[in-house]
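Noted in Swiss-Prot for the protein shown:
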- H475: active site, proton acceptor (ACT_SITE)
- 6-35: FAD binding site (BINDING)
Amino acid sequence: MSQEFDYIIIGAGSAGNVLATRLTEDADVSVLLLEAGGPDYRFDFRTQMPAALAFPLQGRRYNWAYETDPEPYMNNRRMECGRGKGLGGSSLINGMCYIRGNALDFDGWAKEPGLEDWSYLDCLPYFRKAETRDIGPNDYHGGDGPVSVTTPKAGNNPLFHAMVEAGVQAGYPRTDDLNGYQQEGFGPMDRTVTPEGRRAATGRGYLDQARGRPNLTIVTHALSDRILFSGKRAIGVSYLVGNGDNPATAHARREVLVCSGAIASPQLLQRSGVGPAALLRDLDIPAVHDLPGVGANLQDHLELYLQYACKQPVSIYPATKWWNQPAIGAQWLFLGKGLGASNQFEAGGFIRTREAFEWPNIQFHFLPVAINYNGSKGVQEHGFQAHMGSMRSPSRGRIHLKSRDPRQHPSILFNYMSHEQDWQEFRDGIRLTREIMNQPALDPYRGRELSPGVNVQSDAELDEFIRNHAETAFHPSCSCKMGSDDMAVVDGQGRVHGMEGLRVVDASIMPLIITGNLNATTIMMAEKIADRIRGRQPLPRSTAKYYVAGDAPVRGNPVRA
């Protein structure tokens, strides 16, 4: 079977769905969207109910469930690396935190030759274009975009307010919008949830607009085997359908757009003969183009939890008990309200741990229950926790193809905690979190420290706790980076260096990981590049003001030292 389209998009994740929707707005353009996973079943509470966010991570239907190689600085642990599978990609299984990154992340990108139009003020119009915020638009937020964003409301859990107040009492700024004028500080955290209380994945927000268009063809359970080339030009894709072994072929008249994410995009390029020559040679893959940066520069956010018992019965611990869940589920299903309609990450913050950092290097998510991210090992009492992680680790990893078999996972190594700066940031972060948690605002609630525990104090004790307990925040990125240096894979429009008719558009093309969760920024990048592909003028630059700390101290005097 062979078909021909103008564009073939490989991967229906956050970026691929944006491109499929925007490109098919032009009625004379035909698009094939290939997705290795299945549909985003709207009746499956595991992906549709925000509070059920732990469930998709536990199975394989919606999760590629990659594992790292033994991480040498983490006691050789093989660490989890979940990625979304199905229409929506990782937006179908993520934590739904709507965080864009810091303005200075993008200004930093724009200092690289060829990336000058990636400054914050160039990107902000595309963040706004993608968003509908429930309380309306302003200079920073959109009012009519495909991504539904819900803000925390009065009357939510008192622990959220107490944790924000504790951050302010510890001497840090208060901010009313982590995506607005000032990211630095503590405040409410927005989430990608619809007004009806459903997960706002990109299958819902974007693809629902485009599914009925005659110029869009969506094929699920389609695992791309390799990109087809004529010389240096991408001309199509060979893919497997379901469990079959007979490849189908589709041809692209204009471009092949790789949107498979930071793990699978470099894997697919390498399998197709675009990557480091020595690696291709070792696997007997005919080299189409020697591009050493494919799979290099891999970055992620690492985080850990500090957990406390709660002296008052105000945590959502009862909601983890099966006998309370039918009522929560019914309220969510029929009314779109209640505990089920929230991801429970309704407060957070960003701080600088030392003067050397020009913008925040630590992120907090606050959660009014003590439990693991994937729903396991819940503490059997009322509790709460702070997720704390460093934002711009100097550690760099890599993705290496292990086999020409498209169903075999690649070798993944993040090299977590391979720099002294990593250890300094995490030790500082744990100690500062304890100071925050010890402020008067939490006195009515704070019981004993459950984790790490009061006996974990010295550098050596903290380091061993980090080695054993730090986990991924599920933010792999930067493995096909934008730029013009020898290790760059794509230019500022996502076009693969040295190739024709081939782009990569997803979190893998970030040159440097951002300060915060990745989904909102991945959507923004796809919106921006979609205009380029369509030959449209970029949206006018924003003139919004944004905070630069400059000489401001990292914190003021705490209420309780």
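Placed from the backbone N, Cα and C atoms, the Cβ positions cover glycine too.
Feature map: Swiss-Prot annotations on the structure.
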residue : record                       : Cβ within 10 Å
D6      : FAD binding site             : 17
I10     : FAD binding site             : 27
S14     : FAD binding site             : 35
V18     : FAD binding site             : 30
R22     : FAD binding site             : 24
D26     : FAD binding site             : 14
S30     : FAD binding site             : 22
L34     : FAD binding site             : 25
H475    : active site, proton acceptor : 24
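Between the alpha carbons (Cα) of S30 (FAD binding site) and H475 (active site, proton acceptor) lies a span of roughly 32 Å. When secondary structure is read from DSSP and collapsed to three states, D26 (FAD binding site) falls in the coil class. Taking the Cα atom of each, V18 (FAD binding site) and H475 (active site, proton acceptor) are about 19 angstrom apart. In the three-state DSSP scheme, D6 (FAD binding site) falls into the strand class. The two recorded residues, L34 (FAD binding site) and the residue listed as 'active site, proton acceptor', have Cα atoms 23 Å apart. Nearest by CA distance to H475 (active site, proton acceptor), out of the binding-site residues D6, I10, S14, R22, D26, is S14.
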